[in-house]
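*Asks:* From TrEMBL, for reference:
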{"type": "BINDING", "residues": "ASP23, SER52", "note": "Mg(2+) binding site"}
{"type": "BINDING", "residues": "TYR171, LEU172, GLU173, ALA174, GLY175, SER176, GLY177, GLY203, GLY204, GLY225, THR226", "note": "sn-glycerol 1-phosphate binding site"}
Amino acid sequence: MQVEAHLQKIIDQEGKVHLTLIDPASQTPERAAEIALAAVEGGTDAIMIGGSTGASGTLLDETVIKIKEKVNVPTILFPGSSAGLSRYADAVFFMSLLNSRDIGYVITNQVLGAPLVYRSQIEPISMAYLIVEPGGTVGWVGDAKLIPRTKPEIAAVYALAGKYLGMHYTYLEAGSGADKPINPEMIGAVKQVLGENKLIVGGGIRDAEAAKLCASAGADMIVTGTVLEEVKNVTAKVAEIVSAIKR
Ligand code: 1GP
């Protein structure tokens with residue numbers, strides 16, 4: 001429970017956690033490590049590593065290794081399938097895409113990946129993964145029955161089911177590069193049923209204002225990915241978002 005306990009400690013001390021998402025398929029392992037270092041200098045708390053397509057095998061392993069050489073915040077896998085596991089990472093969001101129509105994303109990939117997690121030192125962090133409109137690439141790949149943006153009550157009952165199934169974390173995902181983040185009403189409705197369980201929100205969060213809105217509505221952790229691939233000054237962008245969400 002080292003990474004999960006570490007993130008809990010940050011929440012206790014600073015109110016919120018910032019996570020930087022790096023997709024190994026988007027740049028070289030060396031560049032990924034530079035982005036991770038710049039994000040840590042801006043105040044990010046951990047590096048999530050994963051993606052829906054192409055984030056596997058040697059490229060994934062090398063990306064994790066290079067990032068770990070440069071930074072000492074936790075590295076957490078964010079796998080698109082059982083192929084998204086790497087024994088070099090510190091932890092894995094061991095997640096089930098609860099609103100997928102494809103049983104593969106609900107449980108089969110988890111069954112296939114579980115032995116590798118068991119044999120390695122990777123810490124599993126159990127998580128309900130919920131994809132909301134527009135859903136992006138992950139919504140399509142994961143064959144998600146997208147939760148409508150305007151239906152917070154549907155997200156809340158999924159989150160409650162995940163909590164009752166024993167999942168510690170819930171991730172509300174709008175899809176990488178979404179035109180707008182999950183709305184505050186949905187975040188608030190989900191956090192209300194989750195209580196002390198942790199809520200991660202990501203997809204389309206590009207600036208301090210959006211991050212603050214999500215955090216104030218009830219997100220415990222904010223994920224940013226795409227915007228950090230686009231900006232010149234990663235450290236400044238992360239610092240802007242971090243200072244908006246932490247107390
Ligand atoms: C995707 O929620 C994450 O899984 C991050 O989304 O790339 O839009 O920041 P962005």
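Cβ from N, Cα, C; glycine included.
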*Asks:* With the Cβ under 6 Å from ligand 1 as the test, give me the qualifying entries from the binding-site residues ASP23, SER52, TYR171.
*Replies:* none
*Asks:* By Cβ count within 10 Å, point out the most packed of the binding-site residues listed: ASP23, GLU173.
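*Replies:* The residue with the most neighbouring Cβ atoms within 10 Å is GLU173.
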*Asks:* Between THR226 (sn-glycerol 1-phosphate binding site) and ASP23 (Mg(2+) binding site), what C-alpha distance do you get in Å?
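*Replies:* Their Cα atoms are separated by 9 Å.
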*Asks:* Just to verify a number: CA distance, GLY204 (sn-glycerol 1-phosphate binding site) to ASP23 (Mg(2+) binding site), in angstrom, no decimals.
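*Replies:* About 15 Å separates the two Cα atoms.
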*Asks:* Rank the binding-site residues GLY175, GLY177, GLY204 by how many other Cβ atoms lie within 10 Å of each Cβ and give me the one with the fewest.
*Replies:* GLY177
*Asks:* Just the number: how many Å between the Cα atoms of GLY177 (sn-glycerol 1-phosphate binding site) and SER52 (Mg(2+) binding site)?
*Replies:* 13
*Asks:* Taking the Cβ of each of the binding-site residues and counting other Cβ atoms inside 10 Å, which one has the highest number: TYR171, THR226?
*Replies:* TYR171
*Asks:* Including all protein chains displayed, how many Cβ atoms other than that of SER52 (Mg(2+) binding site) lie within 10 Å of its Cβ?
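*Replies:* The answer is 21.
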*Asks:* List nothing but the largest Cα to Cα distance in Å, as a whole number, among the residues TYR171, LEU172, GLU173, ALA174, GLY175, SER176, GLY177, GLY203, GLY204, GLY225, THR226 that the record says bind sn-glycerol 1-phosphate.
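*Replies:* This binding site's residues have a maximal Cα-Cα distance of 17 Å.
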*Asks:* CA-CA, which of the binding-site residues TYR171, GLU173, GLY175 lies nearest SER52 (Mg(2+) binding site)?
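*Replies:* The answer is GLY175.
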